[in-house]
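Positions annotated as N-linked glycosylation site by Swiss-Prot: ASN52. Marked as region 'Interaction with host BCAP31' by Swiss-Prot on the basis of experimental evidence: 6-15. The region 'Interaction with small-molecule inhibitor' annotation in Swiss-Prot covers 38-43, and the record cites experimental evidence as its basis. Annotation comment: Swiss-Prot describes HIS22, HIS51 as site 'Involved in opening and closing mechanism of the pentameric structure'. Swiss-Prot lists 1-20 with the feature topological domain 'Intravirion', giving a curator's inference as the kind of evidence. Marked as topological domain 'Virion surface' by Swiss-Prot on the basis of experimental evidence: 45-64. Annotation comment: Swiss-Prot describes 21-44 as transmembrane segment, evidence class experimental evidence.
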Amino acid sequence: MENTSITIEFSSKFWPYFTLIHMITTIISLLIIISIMIAILNKLCEYNVFHNKTFELPRARVNT
């Protein structure tokens with residue numbers, strides 16, 4: 001019966017560290033994936049012909 005109490009005590013001390021490490025690794029991996037996607041999209045925008053014209057609004061001509 002003493003072995004079960006030792007395993008329960010170990011697991012109760014182990015799980016908060018495990019969840020903390022798991023959260024940190026998931027956040028770091030998501031940041032890495034998002035930065036890679038941003039870099040790929042920037043490279044694709046460099047090869048786009050209409051990249052410089054996307055944010056320009058058409059100007060209306062005023063007839064005088």
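Cβ coordinates are placed from backbone N, Cα and C, and glycine is handled just like the others.
With a cut-off of 8 Å between Cβ atoms, none of the residues of this chain six or more beyond the region 'Interaction with small-molecule inhibitor' (38-43) come close. The residues of the region 'Interaction with small-molecule inhibitor' (38-43), classed with DSSP into helix (H, G, I), strand (E, B) and coil, number 6 helix, 0 strand, 0 coil. Cβ-based neighbour count (10 Å, all protein chains) for HIS22 (site 'Involved in opening and closing mechanism of the pentameric structure') stands at 10.
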